[in-house]
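Okay, so here's the structure we're looking at.
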Amino acid sequence: MQRNEFLDVLRLSLIDSKKRFYRNLVFIEKEDFMDDLQSVIKVYNELGGDRRAYAFHPWVTGSKERFNQLRPLLGNADDIDYSSSEYYLGKTYDLVVLDLVDNFQPNYVGRLADLVSGGGLVVMYTDDLIRNKIFRNSIARKGVVNDYYERRFRRKLREHEGIFLIDSTGYSPREFKGEVKSTREKKPLKSMYFPKELHDLCATDEQDRVLEEFRVLERGGKRIVVITAPRGRGKSSVTGLGIAALVADAGEDRVRIVITAPSLASASQILEFAKKGLDTLGIDNTAVFSDVGLIRSIRGDNFSIVYVSPETAVGDDGDLLIVDEAAAIGINLLAQYVNRWRKVVFVSTVYGYEGSGKAFLKYLRAVLESKKAWARWLTMSKPLRYSEGDPVERWLYDALLLSPEPVRPKNLDTVEYLTLDKEVLFQDDKQLSQAYGILVTAHYRNNPDDLMIMGDGPHHILKALRAEDGFITVSQISEEGDLSQSMIDLALKGGTFDGDLIPDRLLKHTRIKEVGELKGWRIVRIATMPEIQDKGFGSQLLRIIVEDSMQSNVDWVGSSFMGDPKVLRFWLRNGFIPVHVSPKRNEKFGDFPVVVIRPISEPARKVIGVASSIFKDKLLNTIHDVYFNMTPEIAMLLLDGGRAHREVKLNRIYLAKIVAYLQGISPYESSADGIHMLVLKYFWDFRRDWRLDDDMEKVLIAKVLQGMPWSYLNNVIGTGRTRANELLREAIGTLAKKYYNLDEESKIDISLGSLDDEFEINEFM
């Protein structure tokens, strides 16, 4: 086909798309792309559409020159740096051009292609999808990198309608001939509680319905609303309108609404529509903007709407907490929100460029059930920017595997262990969707880059348990270690490098050079089909992987993950030892990253023995400072999971203070030094064959080691002051009896003679 004929087909398809409100995509991959690219944009210019964006890496040599060459055709287009593309998530465009010459990164493709509205056009262009790409080069190991992901991506471009291809072989248009369904026709509500002016701002009847549901937050007691939807369904915008409705309904009553999200950009849509709703209702308000023009807060005479970070939201106060992109925030924080706040709205993407449905909903449902919290679950499915059945959305979900739903194997009688051939896997859509789907649906933090790393990384291995008719459990493993001396020195001097996460962390925090020389397998993910979890398949695969590593010249098997209690318990139960926790809480996810290791070789046993002791020492000595905001449950698991042992001795004065505390003679604050030493003795004692119950340990950690105020205990462990006092006294009584046979009936008389040599009087006294 000739270019003119191709452009004619594209023109007709664009005309049809404007009538039926769907989108088209042009993909150009050839060395001399500029003429074709300009021709495509000229065709689009004939049909209008003024909202335009151009995405690229402006700091790469030659990128600005390409943009400037296209600028006359693009008009007043927003120029988007890929690195800042998150800030544009709430925008809508008619034309988006993606420069893929310097970089091809799935996360950016998914994020930006989604911004185009019905009747619009997505254009991607590159000289070569594989050669000299920034993200792909970062995946390489010793100069080697696969191209399994790119090959599949190209194949998917040819399988879908609404995709127009230009490459070195010629012009291949495939216009969309399917059916679409408009979502813009709203059914009138039977009854309306909130103002009609706000409903007029809703684009779909789904938004109308969800807006009305905000009324439940005005009722008494603890109320939780959960709103989930794929990206682009209007959940954030209707949440903003819901905020405006609640403010209006409050009248003269003072209202404080707190919004949190992984970033201010993530919450921008909610804040924008809250202001839009207030303005529409004629409610006076003043907005404060960030340096990049995003709303940070909105205030009026009787209300305030403010954004705070996920961590800050735990201790904040207000009438309502809104959590946007909740699936991207740690479950620990979500649980603390439910403890702290009486009214909470969780808003989250369950499919799309980030997020996963089943895993997040399962985790959140478990949290709410454990707290016995009343919850209203709302889902939204109708796209706002384009019609249902849009061909670009279908292609995007298929090419980037945004919603893989694995099918449960019917027969689990026979299970085999295997290492997957990634080249074969990426050619088999059914098997890939099954394997990757298990990894995604069991983990609620995902983005499209994960699939490319898994496929193209030569050091990433896939191992699985498979039944007769499908995968049961899948693990993604990264080969790490065996570092050169120069890389070891770089890490010790504070430098960083791609990959080798566990060696890098341990080199920096133990300073032991041999750490970098050891070879290891880092388990990036291990997951079981959701319907058959908690039946031992994950542990079975992990045991086989450890056995496999012994035959593969591997020194250690380990993992690094956000400190979620359930996940940490899984690793500890399977014999893995905590050796490192980041000194900084991850601000986006709200958890502390944890490293656990199971040593295989003798050199690894020695190194991990030292690392474990250093780690336990650091945690106990700095938990009141560096790890003050670590949840006591995570700290408990880390301390109980350590293998290091140390004898801690208490002098008679400390013991006398402890007895006085148990007798009620001495308040906790007066005996805190002796109690602190007794608690240290307990957590350093690895030889004991007994332990306190979880609630006791959590109170000891929160009050004695972290020094939390009594009032804060309810937020972090769900225990009020009276119960916390009871647990503390019971725990100290148990420890005093176990270690020293002391109780409230004991008597310890202190005299100088009784102290023997416990104290040395120095020459300066």
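Note that Cβ sites are derived from N, Cα and C of the backbone, with glycine treated the same way.
Database features (TrEMBL):
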- 1-167: domain 'TmcA/NAT10 N-terminal' (DOMAIN)
- Q207, R385: ATP binding site (BINDING)
- 226-402: domain 'TcmA/NAT10 helicase' (DOMAIN)
- 437-545: domain 'N-acetyltransferase' (DOMAIN)
- I526, A527, T528, R573: acetyl-CoA binding site (BINDING)
- 547-600: domain 'N-acetyltransferase' (DOMAIN)
(request) Give me the largest Cα to Cα distance among I526, A527, T528, R573, the residues the record lists as binding acetyl-CoA, in Å as a whole number. (result) 16
(request) Among the binding-site residues R385, R573, point out the residue whose Cβ has the most other Cβ atoms within 10 Å, with all shown protein chains included in the count. (result) R385
(message) Neighbour count, 10 Å Cβ-Cβ cut-off, for I526 (acetyl-CoA binding site): what number do you get?
(response) 27
(request) Sort R385 (ATP binding site) into helix, strand or coil using the DSSP assignment. (result) coil
(message) Please report the distance from the Cα of R385 (ATP binding site) to the Cα of T528 (acetyl-CoA binding site), rounded to the nearest angstrom.
(response) 35
(message) Based on DSSP, tally up the residues of the domain 'N-acetyltransferase' (437-545) by helix, strand and coil.
(response) 47 helix, 30 strand, 32 coil
(message) Across the domain 'N-acetyltransferase' (547-600), what does the mean pLDDT come to, as a whole number?
(response) 91
(message) Is it possible to list how many residues within the domain 'N-acetyltransferase' (547-600) are helical, extended or coil according to DSSP?
(response) 13 helix, 19 strand, 22 coil
(request) Write out the long-range same-chain contacts of Q207 (ATP binding site), meaning residues 6 or more apart in sequence whose Cβ is under 8 Å from its Cβ. (result) G234, S237, V238, L241, M380
(message) What's the number of neighbouring CB atoms sitting within 10 A of the CB on A527 (acetyl-CoA binding site)?
(response) 24
(request) Can you see whether DSSP assigns Q207 (ATP binding site) to helix, strand or coil? (result) helix
(request) Count the other Cβ atoms sitting within 10 Å of the Cβ of T528 (acetyl-CoA binding site), across every protein chain shown. (result) 24
